[in-house]
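Scroll down for the structure; my scribbles are underneath it.
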Amino acid sequence: MNPSPRHTCLFNHDWLFQLNEEHPQPDDWNPITLPHDWSISLPFSEQYDGATGYLPGGVGWYKKTFSNPLSNKFKRCFIHFDGIYNNSEIMLNGNLIHKQNYGYSPFVLDVTPFLNDNNEIVVKVDRRRYVDSRWYTGSGIYRDVELILTGDHYSPLWSNIIEAKLEQPDHRLGTINQSVTLCSPETEHSATGRLVTQVIDLQSLKVVNENRTDFTPSASTLVNLSIEVKQPHLWSPDVPNLYRVVSKIYINDIWVDELKVQTGFRSIEFKSESGFYLNGESTIIKGVCLHHDGGIVGAAVPDEIWVRRLNKLKAGGVNAIRIAHNPASKRLLNLCDQLGFLVQDEFFDEWDNPKDKRLNMNERHHDFISRGYTEHFLQDAERDLKNTLSSHINHPCIFMWSIGNEIEWTYPRNVKATGFFDAKWDGNYFWSLPPHSPDQIQQHLTELPSIGADIGQTAQQLSRWVKQLDSTRPVTANCILPSASYLSGYADALDVIGFSYRRVVYDYGHEHYPHLPIIGNENLPQWHEWKAVLEREHVAGLFLWTGINYMGESHGKWPVRTTDSGLLDAAGFEKPSYALFRSLWNDTPFVRGFTVSANETDYVLDKTAFSAFEKDPQAWKTKLWVWDKRHTHWNYMENEWVVVEAYSNCDEVELAISGLSFGRLALNDRDDRVFRWVVPFEHGALTLHGFNQGELVTQHTIHTSETATKLSVADETDDKQADYRQLVIQLKDRVGRDVTHHEHQLSFDVEGCEWIGCDNGHEANITPHTDTMITTYQGRALAIVKRRPDQQGQVTISTTDGVTLTHLL
């Protein structure tokens with residue numbers, strides 16, 4: 001078989017890097033492999049800002065030399081950057097060929113005119129404004145770079161658009177609608193072109209159908225083609241079936257280009273009265289918001305790290321991800337296609353007016369390091385939005401485009417019109433209905449002076465740009481002040497309105513504006529938020545803030561470097577909130593328990609009945625992001641009173657200690673979904689039994705442990721042949737029980753592999769991630785190493801007490 005006339009390869013290897021705010025020095029270059037985030041490898045320091053995780057920025061330089069890749073076969077050369085954070089300049093052989101301000105959008109450069117026999121590409125990244133986005137961003141070429149070679153006849157990157165459409169309600173027929181652009185030399189005359197496209201089922205690897213069409217090439221030719229697929233396998237979070245669409249382009253019977261796209265058949269529909277429908281079936285969005293950092297690796301996240309995290313979220317019942325607050329990487333979207341996550345892809349966190357990068361709401365800090373994208377929005381927004389959308393449009397996982405996040409804070413007239421922040425108002429923003437009626441809000445919007453850009457006009461322009469490229473997906477936004485957005489023109493730009501922490505106005509919005517579907521785009525990680533969705537068919541679902549603890553948003557909180565709002569911590573370990581939502585979002589019987597000394601709570605205790613209660617029985621209805629600390633151990637003082645809390649989806653849960661029952665509680669009696677007992681501590685086994693219809697269906701046991709005298713290592717990498725290995729180190733006692741109530745310092749020594757870093761997941765851990773020493777938290781730590789080709793890697797872990805364990809990769 002003849003090789004393809006198009007060659008695409010990663011351009012990530014053999015780069016050199018240095019930090020220098022002036023000019024790169026000849027002797028300071030260090031070899032690196034992309035993707036690369038230089039900030040994550042630097043020490044945490046209080047002199048920087050917690051808004052971006054107490055890590056610095058600076059000015060970084062990247063350099064790579066390469067020979068001319070053009071040949072008789074390959075006439076054109078393109079370089080595709082999936083993301084550089086940020087304010088980058090691309091220079092090739094001394095020519096400045098591109099400036100890119102936005103750090104989250106991809107871009108592609110035709111470098112053909114600038115190539116010599118020997119070439120040097122230099123990328124300058126100016127990250128001196130290291131508090132310019134919310135929240136931790138990373139620094140450098142933190143996403144993949146690709147080199148693309150084509151002939152003179154070629155389809156520009158992102159110009160092959162595939163729509164996999166379901167034609168009939170019973171899904172017996174699907175259609176691949178293809179729209180592809182071909183560029184040809186203007187000297188071609190009376191040539192004949194042909195597009196031949198095959199659809200391949202990636203389950204069976206069989207060609208299910210093909211079609212072809214002829215065309216007359218010009219300088220730029222748009223070619224359309226449709227292919228029927230009978231009985232298509234549908235894409236969904238439960239079964240993410242995928243197809244590959246392979247297209248060959250011929251000019252005068254000569255094969256000139258080849259294109260490959262992965263797609264999936266699914267239908268998406270929002271109804272204002274009854275929520276979201278996927279493939280014709282009512283589906284509630286069980287979503288989480290995710291920032292783009294990967295903990296130890298910062299913003300340069302390998303697939304293996306994402307896979308571990310996504311699989312944990314999937315096991316917890318998550319079916320959707322909101323990419324907050326900026327566009328996702330190509331790597332992450334590919335994984336969401338494959339693993340089965342619906343994705344809301346978000347373009348911007350600020351528009352015409354700046355946000356405060358250290359806090360929320362409008363800007364209150366005005367300094368050099370926090371100048372952000374607003375300075376470039378008017379000039380660059382259309383290009384950056386369209387580049388992102390064009391790059392992402394073929395991903396079946398994407399089911400919504402979000403044009404902005406909590407934008408209203410930065411338009412003073414809209415904030416004032418709501419009445420929420422009037423000095424005379426004595427309500428609570430989270431739990432009170434809008435103090436102004438729609439008529440009053442409209443009056444304020446009409447009478448209050450408009451300063452600068454109009455939020456409605458900007459929203460409608462952004463929405464138009466989206467619709468110009470994609471009319472198949474709804475446009476949404478995350479509205480923090482929806483009562484004003486309905487009337488300011490903002491909501492008029494949306495197909496689905498997203499609420500940010502505004503569950504209290506779900507009914508208000510539906511009553512006053514019944515035509516517009518509602519989704520909770522950002523919600524507290526609490527039961528009351530999910531309960532509100534279950535009680536309202538007109539709410540399509542929600543996205544919790546957040547799925548995973550992320551770096552930043554900790555201004556003035558040194559040494560806290562991450563938030564604590566995730567279902568998983570920064571090392572990817574499960575938290576009590578994960579257990580709650582796993583019990584809410586899964587049907588498989590589940591129970592998980594946690595403990596805390598009764599003295600550390602303010603519960604009302606009935607020790608004779610072994611019962612513990614909140615002082616205020618309604619307190620659960622107004623819980624915010626923060627959860628009280630709970631433990632996974634059963635180690636207390638003898639006869640100390642201990643509260644045991646459990647989360648379960650079972651009808652009943654029974655607590656037993658060393659076989660002695662302390663009572664069985666019914667889920668229907670737990671308004672807050674928490675099973676709770678108070679018991680005197682005694683050594684032994686604490687077991688929680690889950691019952692459905694009186695039958696034991698699941699259980700969870702915590703053993704009293706002794707002093708840690710052993711270590712265990714679990715490789716949580718999904719693919720054991722993968723390069724990046726994620727090793728969970730757990731303290732153990734002499735009989736192998738987990739020790740989670742004492743901590744030890746661990747040190748690591750590696751051979752035959754590359755050390756990447758370690759973390760314990762605690763939000764205040766400020767040990768540099770690249771250090772080879774870490775103190776455990778809850779008796780465990782995560783280490784990441786990278787395998788070297790053809791070498792047997794090994795990792796030796798030691799404690800200060802002399803316990804040593806060697807793990808072979």
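Any Cβ shown, glycine's included, is placed from N, Cα and C.
Any TrEMBL annotation is an automated prediction that lacks curation.
The shown structure was predicted, so the numbers you read here are calculated from the model rather than taken from an experiment.
Here is what TrEMBL records for this protein:
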DOMAIN    58-148  domain 'Glycosyl hydrolases family 2 sugar binding'
DOMAIN    179-266  domain 'Glycoside hydrolase family 2 immunoglobulin-like beta-sandwich'
DOMAIN    274-412  domain 'Glycoside hydrolase family 2 catalytic'
DOMAIN    642-697  domain 'DUF4982'
DOMAIN    718-799  domain 'Glycoside hydrolase family 2'
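Per-stretch counts of Cβ pairs under 8 Å to the domain 'Glycosyl hydrolases family 2 sugar binding' (58-148) identify 274-412 as the leading one among 179-266, 274-412, 642-697, 718-799.
Here the domain 'Glycoside hydrolase family 2 immunoglobulin-like beta-sandwich' (179-266) is broken down by DSSP into helix, strand and coil counts: 0 helix, 58 strand, 30 coil. Of the candidate ranges 179-266, 274-412, 642-697, 274-412 contributes the most Cβ pairs within a distance under 8 Å of the domain 'Glycoside hydrolase family 2' (718-799). Across the domain 'Glycoside hydrolase family 2 catalytic' (274-412), the DSSP tally of helix, strand and coil residues reads 53 helix, 31 strand, 55 coil.
For the domain 'Glycosyl hydrolases family 2 sugar binding' (58-148), the number of residues in each DSSP class (helix H, G, I; strand E, B; coil) is 3 helix, 47 strand, 41 coil. Here the domain 'DUF4982' (642-697) is broken down by DSSP into helix, strand and coil counts: 3 helix, 37 strand, 16 coil. Helix first, then strand, then coil: DSSP counts for the domain 'Glycoside hydrolase family 2' (718-799) stand at 0 helix, 42 strand, 40 coil. Summarising model confidence by region, the domain 'Glycoside hydrolase family 2 catalytic' (274-412) averages a pLDDT of 96.
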